[in-house]
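One structure is given below, encoded as structure tokens.
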Amino acid sequence: MNQELTNNPFNPLTPPKVFDEIKVSLASPERILSWSYGEIKKPETINYRTFKPERDGLFCARIFGPIKDYECLCGKYKRMKYRGVVCEKCGVEVTLQKVRRERMGHIELAAPVAHIWFLKSLPSRIGLMLDMTLRDLERILYFENYVVTEPGLTDLTYGQLMTEEEFMDAQDQYGMDAFTANIGAEAIREMLSQIDLEAEAEQLRADLAEATGELKPKKIIKRLKVVESFLESGNRPEWMVLTVIPVIPPELRPLVPLDGGRFATSDLNDLYRRVINRNNRLKRLIELRAPDIIVRNEKRMLQESVDALFDNGRRGRVITGANKRPLKSLSDMLKGKQGRFRQNLLGKRVDFSGRSVIVTGPELKLHQCGLPKKMALELFKPFIYSRLEAKGLSSTVKQAKKLVEKERPEVWDILDEVIREHPVLLNRAPTLHRLGIQAFEPILIEGKAIQLHPLVCSAFNADFDGDQMAVHVPLSLEAQLEARVLMMSTNNVLSPANGAPIIVPSQDMILGLYYLTLEREGMVGEGKIFGSIDEVQHALDAGEVHLHTKITARIAQIDDEGNEVLKRVETTPGRVRLGALLPMNNKAPFELVNRLLRKKEVQQVIDTVYRYCGQKESVIFCDQIMTMGFREAFKAGISFGKDDMVIPDDKWGIVDETRDQVKDFEQQYMDGLITQGEKYNKVVDAWSKCNDRVTEAMMSTISADKRDENGAVMEPNSVYMMAHSGARGSVTQMKQLGGMRGLMAKPNGDIIETPIISNFKEGLTVLEYFNSTHGARKGLSDTALKTANSGYLTRRLVDVAQDCIVREHDCGTDRGVTAEAAVNDGEVVASLAERVLGRVAADDILRPGTEEVLVAAGQLIDERMADAIHEAGVQTSRVRSPLTCESEEGVCAMCYGRDLARGTMVNQGEAVGIIAAQSIGEPGTQLTMRTFHIGGVAQGGQQSFQEANQDGTITFENPQLLLNASGESLVMGRNMKLLIKDAQGEERASFKLGYGSKLFVKDGAQIKRGDKLFEWDPYTLPIIAEKAGTAKYVDLVSGIAVRDETDEATGMTQKIVIDWRAAPKGSDLKPEIILVDSDGEPVRNDAGNPVHYPMSVDAILSIEDGQVIEAGDVIARIPREGAKTKDITGGLPRVAELFEARRPKDHAIIAEIDGYVRFGRDYKNKRRISIEPSNEAMEPVEYMVPKGKHIPVQEGDFVQKGDYIMDGNPAPHDILSILGVEALANYMVKEVQEVYRLQGVKINDKHIEVIVRQMLQKWEISDSGDTTLLKGEHVDKQEFDAANEKTIARGGRPASGEPILLGITKASLQTRSFISAASFQETTRVLTEASVQGKKDKLVGLKENVIVGRLIPAGTGGATQQMRHIATQRDNVVIAARREEAEAAAALAAPIMDADIVDDDFDTLVDTPESRD
């Protein structure tokens, strides 16, 4: 089943070593000696005159093997016949030179040395074993302090540190032999070897049972974990201190002579030389009985040199070479992008590949690419040689080579034969998703550029401005088969991210199809009637009708029974021509193209054709509409000049009007009616509205029908056609050319108040030009930075999801998630039908109000079912989801549902995790590259009211209203909702009403679309009086809690609450406003509590002390953040923040239980809020809220589990622990989708769910019960269940725990496979941990298998793996049967014969997993 590790050079027929898992553990000195072929005693490398390796040196041939194949060093024994002989003169074994890559040596150290990984890699393993701090350990190891290892009868303690003087004093005081204290690694080694692991573990468990407090149990648990891992893995603690150092084979640290007598060498040789030099010097000093201080210094230097060899720069100064460059240590060889893992094991270079510039190949078929002859000749050389020999045109390879070099005509004929039906792979970097590599059939072309089919450009994200692509040749038959069946461009019509076609015409083709399907009144031949498509074509050619004429034609259609019928349709000749290309199918009627086709519609047409007419038809159709699109665009001759950019006549009127408005605002500000911030917001708003109006005026001017002298409608404006069709450009760009450029943003995202009124046609003034440079430059720098960020996000996503593979058909779970339409701001952004499409139903989906089953449980919901669900008006339904899948490894096909790129149920072995990661990561890069297209134009404009988006009846949920003095109803509740219901009483839209909103409708009112429902102040959050009374300031001390701010510009004063905690006397103030009645008694609310309003920092007070107020008056206003520009800048980091599960800075506090709010006492800068549960049995829950933060709940309010006590973004961990997995998934999907939707990118929810599933793999143990699990430990769900099953079987108490959410980086580092984690990040830390625990890697994910050089267990690799598995099982059965037969026969033949011998004979016949134990 599995491939080799190394082959024996003498016996190539020995079976390769087969392995199922890889284990890493500490190497004992004995183990190191068993690997070694001899000790290296000298630091010499090679003799600079003879270039022969020095004996006993770092390249010694006696230890590591000969330098030339089958030849000893002195030349006495040469050639094969002596192989295996050891030469008596030079001591070299005669064998292959290759053994110099595998034989290791060793260095015997004169003094033990601590391994820096186990010392410095936090948490320090040696420190945990000895219960000492890292600083103390370093003092001992680097010879600063002594440590007591055996106190004897003195009053010293074990493990006590002493300085040299203290040590001397103690010796004088207690005598030399009364105690032992030691220094250096010897002391540490001695202490480690004295540890009895079992006793230590017992002791720690006992301590843990007694320990109280916060820190103590944590520390004990940490130590216990390390002790347990040593016990389980069979490692000994003293092996963390080395007495022998292994030396890696010389070929892996080569020394190469350069010309001019110099040598290039690997840094490792320098590091080893240092170690050997110091070690030899130390040996000599010990023999000479040198003074203690000298020996000690030498030992310290030895320790430092070994540290540098293992991990240079981890401790102390970096050891540098001759050129002041740090030397690359063993750790550096593994780490980072250039390290062994990422450079050589995960990223390999490929032979049989070439690259060249791409040009467009519009005459190619979709499955073809043009390959330059020169390139093909070079790439297919081996195939050509073999054909030449087979045909007898050459007898040797050399001859064939000559023929090919001369490029004889027969060579080209043979190349044609070879290439036919042999697909090649094309790849464009960066390969962001799997469509970045596709297979094509090569067509030989002249020239030197690769021709690419225009329709696949969007999949490769390629354009023809000098992009290059690489060509790879699949060599083996299997590779060719996979290229043809799985990777052919014709098999990749749909995008795996959202299931929409990705083979879609763009740019010119769209323009051509748009022009083709235009319809204009009054064109020549209007109203004519034609009998067939051919007649229409004839009339067109004769010039009797125009492409855009309105005509009637008879068109052949397929009806529902499948018969061909002729239908009369009103259409245009252009559309008739397009309709002629449609495949005949009743699901693809002529109506599909009988409309103006823009980009979206074209995509829809292709989608429909693909879904209902099959792949072959749709590929042919795509090719045909591509050709037609290009041809029509060329015939239409659309181009534009400067006069096509029309400046609307009323532009200046609108601008002047806005200028007056802005003057008004300035005046109001001067009079002190509004604050600086409000003025700014209003001005920005006014200008963005002005901008929109100018844009509308421009668009209506451009898109208006113009007629010529004959009354025929003229062709639309060219620029308008390009933007409207979706070919190129957008309204934003057009408005900058012909309207006004609009508001600009500063680099920090603030909007500049003065807009750019000119457009590019008029030209900008110098000041306007200067203002616009900010945004443009920011756009460019953003692009450069974000590409890297996006790539890193993709890498983390791939890493966390790489082992998520479809492993089985059905896991049999009955769980699922509830799907409903995605609503954003009262607008349905994704209907229920869209969201359940391609999922498996978890329960029967019924038609509302009846028992009719639309979809049975366990059925895959396809387009037809989804339409039925939509028409029936189903509101919610339960579907299976990868989140709730109960497969042991990976997910099951039923929970995943449809494979988006194929449109059918997902296959087993599909790597859905990687597809999810690519689907989420790929648009990240796309979006970041797109920020600067609008050139930093701000898209401001705050919405301050809500209009009804449909007719219906109003109902309120949780209403809390208050009528103010002028009779307006104000919303006083925090979680009030307004619903619009249709005639059937089904909810059609819902809006959250913010506190302080003004309502314009009554409960139960009938409304029309476009009615104003409610409005709010977008810039400030009001605090509203709920009762009438006299306002009284409490603790609002001027200068400490309130500052009178006088505006220079207006001379008006207003009171603003400032941070009172900063003031010396302010820490115990509680600034608030209370209401008193005429007697001075506090006014009480309905619950009987006094009415008081705590003030938060930056609030603006709207009333004076002692002012009489009515219910509904505004007491204070809290400013909201101003309008920042939104682009994906907010987006990418937001996505990363969500997937990393970071806690947002000011995160919301979520109520954990239902209950009543009580305010506790205040502290210096926090206030305590507790929730008294409505259920008496539960404990109250307390929260600390920073003072000065706005708290939306009042004393005595009833809150439900999941309500916010403090505003902000919720932390995903809280959602998980309080509301559960499904709520978390909904939150993540909603938030991630929001970011992508803003950019118009569609991603299927499934992908996000797969990633969230990977983030939820671990459980945190909250109570260990009688299991071996420790409290606070993070374990996999499977481990958790297994441990509990074991304990329950023994009759013990099971452990309890809850799922925890890990960010993607953490989750990748905590995967069960240490190989995969090590190749991701923090390589040394991962490997240190793995080796202490003696971890086994079962090689289940993709990454581990790539690293050990196997086929991945997904796709075809997974299938072959299963076949091999089944085969070995069958073999085992047969072998067992044979063994029994043989034993029976032997027992009959010779009853005295020992059974063991028979066993052994049979073991060697077949190598099976069983016989490998």
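Just so you know, glycine gets a Cβ as well, placed from its N, Cα and C.
Per Swiss-Prot, the features are:
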type    : residues               : note
BINDING : C72, C74, C87, C90     : Zn(2+) 1 binding site
BINDING : D463, D465, D467       : Mg(2+) binding site
BINDING : C811, C885, C892, C895 : Zn(2+) 2 binding site
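Mapped onto this structure are the features recorded in Swiss-Prot.
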residue : record                : Cβ contacts under 8 Å, 6 or more apart
C72     : Zn(2+) 1 binding site : A61, P66, K78, C87, K89, C90, V92, E93, V94
C74     : Zn(2+) 1 binding site : C87, K89, C90, V92
D463    : Mg(2+) binding site   : C457
D467    : Mg(2+) binding site   : V357, I358, R428
C811    : Zn(2+) 2 binding site : C885, E886, S887, V891, C892, M894, C895
Starting from the Mg(2+) site formed by D463, D465, D467, give every other residue of that chain whose CB sits within 8 Å of the mean position of their CB atoms, in sequence order.
I358, A462, F464, G466
According to DSSP, folded down to helix, strand and coil, what is C90 (Zn(2+) 1 binding site)?
coil
So which of the binding-site residues is most packed in, judged by how many other Cβ atoms lie within 10 Å of its Cβ, out of C87, C885, C892?
C885
Neighbour count, 10 Å Cβ-Cβ cut-off, for C90 (Zn(2+) 1 binding site): what number do you get?
17
From the centroid of the CB atoms of C811, C885, C892, C895, the recorded Zn(2+) 2 site, which same-chain residues not already listed sit within 8 A by their CB, in sequence order?
E808, D810, T813, R880, P882, T884, E886, S887, V891, A893, M894, Y896
For C895 (Zn(2+) 2 binding site), list the number of other Cβ atoms lying within 10 Å of its Cβ atom.
29
Around the Zn(2+) 1 site recorded as C72, C74, C87, C90, what other same-chain residues have a C-beta within 8 angstroms of the site's C-beta center?
L73, G75, K76, Y77, E88, K89, G91, V92
With every protein chain in view, how many other Cβ atoms are within 10 Å of the Cβ of D465 (Mg(2+) binding site)?
5
Secondary structure of C885 (Zn(2+) 2 binding site) (DSSP, helix/strand/coil):
coil
